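Feature annotations, courtesy of TrEMBL:
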type: ACT_SITE; residues: B:D403; note: active site, 4-aspartylphosphate intermediate
type: BINDING; residues: B:D403, B:K404, B:T405, B:E677, B:F719, B:K743, B:R782, B:T862, B:G863, B:D864, B:R974, B:K980, B:N1003, B:D1004; note: ATP binding site
type: BINDING; residues: B:D403, B:T405, B:D1000, B:D1004; note: Mg(2+) binding site
type: COMPBIAS; residues: B:462-473; note: compositional bias 'Low complexity'
type: COMPBIAS; residues: B:599-619; note: compositional bias 'Low complexity'
type: COMPBIAS; residues: B:620-636; note: compositional bias 'Polar residues'
type: COMPBIAS; residues: B:643-655; note: compositional bias 'Polar residues'
type: COMPBIAS; residues: B:1378-1392; note: compositional bias 'Polar residues'
type: DOMAIN; residues: B:1026-1269; note: domain 'P-type ATPase C-terminal'
type: TRANSMEM; residues: B:62-80; note: transmembrane segment
type: TRANSMEM; residues: B:86-104; note: transmembrane segment
type: TRANSMEM; residues: B:284-309; note: transmembrane segment
type: TRANSMEM; residues: B:335-357; note: transmembrane segment
type: TRANSMEM; residues: B:1058-1078; note: transmembrane segment
type: TRANSMEM; residues: B:1090-1110; note: transmembrane segment
type: TRANSMEM; residues: B:1140-1163; note: transmembrane segment
type: TRANSMEM; residues: B:1169-1188; note: transmembrane segment
type: TRANSMEM; residues: B:1200-1220; note: transmembrane segment
type: TRANSMEM; residues: B:1242-1261; note: transmembrane segment
Amino acid sequence: MVKEEQETANRPDNTAFTQQRLPAWQPMLSAGIVIPGFVLIGLAFIGIGVALFVTTRSIQVLELDYSGVEQSSPCFKCSDTSTKNCVCNMNFNLDKLFEGPVFFYYGLSNYFQNFRRYGVSKDLDQLSGNLDNFENPTDDCVPFQYDANKKPIVPCGAVANSIFNDTFKLYQIIGGTKKPVPLDGKGIAWWTDYNIKNRNPSVTPLKNAFNGTVQPSNWPKPAYELDPTDPANNGFINQDFLVWMRRAALPNFRKLYRRIAEEDYAQGLPAGNYSLEIAYNYPVLSFDGRKKVVLSNVSWMGGKNEFLGIAYLVIGSLCVVMSVVMLIVYAKFKFPDEE
Amino acid sequence: MAAEVPRKKKKRKGRENKKTRTVLPNTLSEPNQRYANNQIKTTKYTLLSFLPKNLFEQFHRFANVYFVFIALLNFVPALNAFQPELALAPVLFILSVTAIKDLWEDFRRHRSDTEINHLDCLVYCREHRRYVERFWKEVLVGDFIRLRCNEVVPADVLLLSSSDPDRLCHIETATLDGETNLKQRQVVRSFYDLDCDFDPLKYNSVIECEKPNNDLNRFRGYIIHSNSRRDALYKVNLLLRGCTVRNTEEAVGIVIYAGHETKAMLNNNGPRYKRSKLERQMNLDVFWCVVILLVMCVFAAVGHGLWMFQYRGQRPVFEVLSPDGSDLSPITSSLYLFLTMIIVFQVLIPISLYVSLEIVKVCQVFFIHQDMDLYDEDLDSRLQCRALNITEDLGQMQFIFSDKTGTLTENKMVFRRCTVAGVEYSHDANARRLAMYQEIDSEEEECTSRGGTLPRRDSIGSHHSAPMHHSAPVVLRSHSTKSHRRTGSRAEAKRASILSKHTAFSSPMEKDVTPDPQLLEKVNDCGAQLDFLRLHGRPWSQLPSDLADIMDFFIALTICNTVVVSSPDQPRHKVRLRLELKSPVKTIEDFIKRFTPSRLTSGSNSSSSSSLATNRSSARGCSSILSSPSAESTLTKLEEEQQQSLNHAFSSTPPSYDRKLWQEGAKLRYEAESPDEAALVYAARAYKCSLVGRLPDQVTVELPQLGKLSFELLHTLGFDSTRKRMSVVVRHPLTDEITVYTKGADSVIMDLIRTEDTGKRRKKILFRTQNFLNLYAADGLRTLCIAKKTLNKEEYTYWLQRHLEAETSIQGREELLFESALRLETNLQLLGATGIEDRLQDGVPETIACLRQAGLQIWVLTGDKQETAVNIAYACKLLEPEEEILTLNANSQESCALLLEESLHYIQTKFLSSSSPFFQPPSSSSSSCHSLPFMVHRLGLVIDGRTLAYALDRSLEDTFLAVARSCRSVLCCRSTPLQKSMVVKLVRNKLKVMTLAIGDGANDVSMIQVADVGVGISGQEGMQAVMASDFALPRFRYLQKLLLVHGHWCYSRLANMILYFFYKNAMFVALIFWYQFYCGFSGSAMIDQWYLIFFNLMFSAFPQLVTGTLDKDVSSETLQRLPQLYRSGQNSEGYKPYMFWMNMLDAFYQSLVCFFIPYFAYADSDVDLFTWGTPITTLALLTILLHLGVETKTWTWMNWFSIIFSIFLFFSVALCYSATCPTCSSPSNPYWTMHRLLSEPLFYLLCLITPVVALLPRYFYRACQGALFASPAGLGAELKTGPVFEPHFLSLSELVKKDCKMSSDFSKAPANQDTAPQVKEGTGRTPLVVTPASTPLQVQTAGVQVTLPPAGGSQPVKYSRKSEEAEPWQSDHAAANEKQQLGAQASLPITV
């Protein structure tokens, strides 16, 4: 034994690994596997596609553009930026029950919330209630860091400064009278944003924390007075503020404004006439933007979107077609040989 | 001016002083502290210098500078795209990985340094007046060191004393040069006669020697004694660091060079770095990536400018002012954006590509190292990869330049036949014996147990006419190793066993020579006559001249060499058989003294006092020649005395003693520096002329009937490749004449033979010997001529005087000695010639055939003579009998030019007229020569060294190449090392092909270094070739697997990996690029910066490494069975420029899919930026991994594991990352994003469809490729598993289809036609090619064969069988001769 060892001191290890002989699966891309595979994938996709398509068909969506570009629009008068506190009404009619819960969105088009320098312009530490950052907001917020008097802006940055400030009221018109539809603004922001990420400084009253700071230039009122009705909806944990701060991915987006799920409207909006009262403040026409209101209900897979269902159907069919093509090509090669 | 001159002089003086080193002993003076001590430090860094030095080195790599530049760009607030600190992460990661690797290597070096530095040795201590144990690192220049047996020499030590009675020290230099034979080192001459132990305290000489240098084979200097006498020092006085002392109980020396100044350390070069072809191609594509990057950035910048421009002063609310509150102009803004985009898109330049490549290559080297098939059991050696970064080049070779001796042949020299004095002794029995050995060898291969072979060898040996000598050595050998093991330590035993295997020249095949009966009779006759002459006091000259020639011939065989004798009982022990102690002639005084009567007296006295009698001088007086006139009278007197003593000596030798000695002689082992020498000594022993002892000044020979004779060895003029001969100068004990025996290449010796005033007989001998030499060469034997010359005293004195001058000079000693040797070796008398066979290594013809089938062109460059080389070429199938041979032998530049023109013309007329498309005139050829369509088959080119020298001239090289390229095989004979490298360089540079040079000897080193890949055979000629090589193989035949399998794998793996890398990065970056259209080209990214930065480093890094290391597109068996598959690598089919662009296109397509499916799926929703971006990241990752899956040909558990691990890693990192730190990592701030996504069904629906859509085209393409239009590689892969595993109707049709495909592939070279040359090629050798290449009809018949399931199953087997049938093994010489004749007939009549 010893002798053998000595004689083979340089002998390599003879293991499957070192000899590159690990058991291996070789995926054979032969027609026998590929064609049935394609058929199977195709059929499965068609199945999913049909399900998605049916689901998304059941979703109801109502969109109302209120930018006031056309003169016929009730909001045309408000589109002039010189008018202050302009209110306009949009009327619409529902043929059938708009099934609840109905989500009330506002939508903006051609609005680049994903612009890089815009997106950076906020102070996460300030928003989490760090008082140091009240006095010295981060440099990211430039030029919305300090005002002309070198007073720190809280909340600082372009995102906060440009908060969407149109407000909406929805009325059902029953026999000429306006019955307000209750809009639920609670829990429209991410739970984590409201409870963990954004925090007000633990100073009571909240107002004192903002001493020595100024509100963003576009804001009519300071952060601690955003919602006079609910003290828990002020400061950095104001739901509308949170929704706005979560930047949209694409230049055409909608953001959740309210939910309609209370009182008489728990089952949805019944058929009938409605009036939407809009406090028109937000200027969008200067950059060719559009504003709209969207009412929608949702399914298990989110809002109305027919794309995915169609995509599944198309791809599934494509797979099946390809497999048929391959089969034909095969047949051509196969039969001459067998003769 | 005047002032400057002296300064200059001073300077020169200073330099002159610097040229030598003075070593004083440390016992007398202060230690020689200005010289380096023996501590070695091979580490590159210290703790302090590590960071700066390592960083400095890393920044030599351009990519690193680029990435640091980008990271720094991030710190400019106007440009930053990521958090600056985060942007540093990838660069730091890459830098630190490399740094850690360097640090680890350095640490290992440090550890081994420490280990070596703390070895013990005995150093003389002045205070204690004895030797004390010290660490190696404490040894200083000037220290005295005592070395014991088996100790390793700690520094370069000048040998001052040895316990050996001959004042020798034996060392083994295996660690330095790999040569395993023992070498002798001599004590410095001044200390030669020191009888008592060496006392360092009495030493008071000064040593002057040259500065430290790295030449292992040179040492010059002199020692100055206190009496100001000078003695020269030579290489033989120096023990080099790293050598092991053997067979010498004790030696003492003084340290001359220590530590880093030792020759061993100066020779220690790090691994070599080469850049592979693939990497060069890759760098070009990296450059294209840069271009793409810039285009994308410019596009984005312009887009941004336009986007800004459309607002024209009406600033939207989402646009942010510059810090100073002013509006940025669109142009400034887009300039800034350009730089920002570079940061965002930086991933397009694959930062981790270089690191990944290095990792994969290291793994590949590991696997090549580990391959059992490349391990040689007999030699216990395996392949070594010495260059770590050119593994993929192995798969792209186009030309192989091979040495012959030792590379194609075994370098086991076997004595075949000889001619003495014009009479040929054919040694038929010997030839039969060798033929039998060949059979045994082939049987042996099948025999697994090594033990089983030994007895069989014995039994074969007993068949011979003289069994006594044949079986004995074998048995003794195995005994000897055993006894050695019992005594020595385990490690030593191991070493011994390796040595016994490595001692190449001792296989029974080489040792046992069956004597030719005729010659044996003559030798015996000669011995008897000499005996008779001696008994009757008659002079040696009365011997018949043919017998005298025979005697001289065998004496020359026996003593004209540097063979060391050792006894079999202790394999490494030199036989201590000392008859007389005397130093060789070194001074004129010495010479005169020795040849005066007083010296003779003392000499005879001493000889009579020794136990065995010597025949120091013959009965015939030599007074007339030797004695000076003044001493003549005394000489005559002493002559008589001597004769008496001689007679006394002879009578005292009992007759039985001879017998015993003879047996002893048979047991002796010879250790030679070259196998030829050993072969000759063994041959002489077969005629009972055996070498029994060799000392520096004396050779003892045992002659039949005469007993032992001691030849006083006056000089040995060693072999060198310029002279091509060696000589010994001895005093012949029988005639007392000074005789020169010379042995060397026939070409040189024949020119030195004295032709004027010689007898008719001599001329006849010369003529006949030349004839026999030609015959031998035609037989493929290596020829050596043996000659002698007797000198009279005047001649000798005259020569000696100048020789001594040469020996003692320090500068230009080599040249002077060379000239001195030239002066001596003239006017020789031819004795005879020998023919030695060098057998082909196993599997050489098959390997050559296989490599040729793989599209490799093989050139053999050898130093052998033309006839020998041609014959070996036939034997190894380099030349085929049906080939025409162009032989180019020219004597002048003009004739060479003419020859080349004629050959070119011949080729053109012959092959162009038959409308061969292969040949193109050289003028238009250099552009497209990387493919090999120029080969004209059935044509071999043989060119000799002299003609080659002309042909390599600048004016002729193009023509030469044009001719050579048209030939299937090229054989350059008689080429010098320089020519070899010039040929390689020429082919490499002019034809732009990948070259591989393979060789085993020092003469191949330059060729190996010049070639793209150098391969060394770690055979029997030392390690110089291996040291210079990139890969070292034990045998030539392993080249087949190394190239065809490992080369192919490494190449295809790396090619795929690099393409994948480019694809991966482009695909990922393009996602962000598409997004720019939706964010106003603002450089915003929807992918979180962390994902963006770590995507390459973490999430998608492992699977590609695994695939790059383990993937096998074709199995090893198939690759070897179908060597044609190698051509894909030669044509760079794994990585073509269009593939890069195809991958880029695919990357852009896939990224479009991965971008727009989520885009449309989330269109018009309230999704926020990163909740939308994270699914895109996930989809990209899945797509990228599945893409790799599509490209992976073999899935082992490691592939599965790595892919699953990557996905798992991504999700777990994403989950952790989005669950920590709600306020960090602005602007993305992904808090809870991933968790939310995982709860949405939409996310999963996207994950399902997107990768499918993204990969559909590629998968469809692969499926079509795999199922319908198989590439040869794909075919091979399926051949392995066989059609059995596949559904019938499909697989069969596939195979047929593939056959067509293959045929078209092989005939691709001449893409536009399908005529003669292929058919030629096909009928010539590869049946595989014949069938498909001829006509469509035949394709179909092949298809019919395949369609039958059993035939289809056996198809692969059939290939190999057919090729075997077509190439039967023909190695016997009869066949070779026949072929040679054929070749000669066919060869052109243009030989000048």
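Heads up, the Cβ atoms here are built off N, Cα and C, so glycines get one too.
Predicted automatically and left uncurated, TrEMBL annotations should be read as such.
It should be emphasised that the depicted structure is a prediction, and the values quoted were computed from it without experimental measurement.
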(request) List the residues of the same chain that sit at least 6 positions away from the residue listed as 'active site, 4-aspartylphosphate intermediate' in sequence and have their Cβ under 8 Å from its Cβ, in sequence order, or write 'none'. (result) B:V860, B:L861, B:T862, B:K980, B:I998, B:G999, B:D1000, B:G1001, B:N1003, B:D1004, B:M1007
(message) For B:R782, B:R974, listed as binding-site residues, tell me which one has the smallest number of other Cβ atoms within 10 Å.
(response) B:R974
(request) State the residues, same chain only, that lie 6 or more residues beyond the ends of the transmembrane segment (B:1140-1163) and have a CB under 8 A from a CB inside it; answer 'none' if no residue qualifies. (result) 285, 288, 292, 1059-1060, 1062-1064, 1066-1071, 1073-1075, 1078, 1172, 1175-1176, 1179-1180, 1183, 1187, 1242, 1245-1246, 1249-1250, 1253-1255, 1257-1258
(message) Around the C-beta of B:T405 (ATP binding site), how many further C-beta atoms are within 10 angstroms, looking at every protein chain?
(response) 26
(message) Let me check one thing: do the transmembrane segment (B:335-357) and the transmembrane segment (B:62-80) come into contact, meaning three or more Cβ pairs under 8 Å with sequence separation of at least 6?
(response) yes
(request) Spell out yes or no: are there three or more C-beta pairs under 8 angstroms between the transmembrane segment (B:1200-1220) and the transmembrane segment (B:1090-1110), with each pair 6 or more apart in sequence? (result) yes
(message) Can you tell me which parts of the same chain pack against the transmembrane segment (B:86-104), counting only residues 6+ beyond its ends and a CB-CB cutoff under 8 A?
(response) 44-45, 50, 54-55, 57-58, 64, 67-68, 70-71, 74, 80, 343, 351-352, 355, 1089-1090, 1093-1094, 1096-1097, 1225
(request) Select the range from B:284-309, B:1058-1078, B:1169-1188 that forms the most Cβ-Cβ pairs under 8 Å with the transmembrane segment (B:1090-1110). (result) B:1169-1188
(request) State the residues, same chain only, that lie 6 or more residues beyond the ends of the transmembrane segment (B:1242-1261) and have a CB under 8 A from a CB inside it; answer 'none' if no residue qualifies. (result) 1146, 1149-1150, 1153-1154, 1157-1158, 1161, 1175, 1178-1179, 1182-1183, 1186-1187, 1190
(message) According to DSSP, collapsed to three classes, what secondary structure does B:R782 (ATP binding site) have?
(response) strand
(request) Starting from the Cβ of B:D1000 (Mg(2+) binding site), draw a 10 Å sphere and report how many other Cβ atoms land inside it. (result) 32
(message) For a quick check of packing: other C-beta atoms within 10 Å of the C-beta of B:D1004 (Mg(2+) binding site), how many?
(response) 33
(message) Name the residue among the binding-site residues B:F719, B:G863, B:N1003 whose Cβ has the smallest number of other Cβ atoms within 10 Å.
(response) B:F719
(request) Find the average pLDDT over the domain 'P-type ATPase C-terminal' (B:1026-1269) in the predicted model and report it. (result) 90
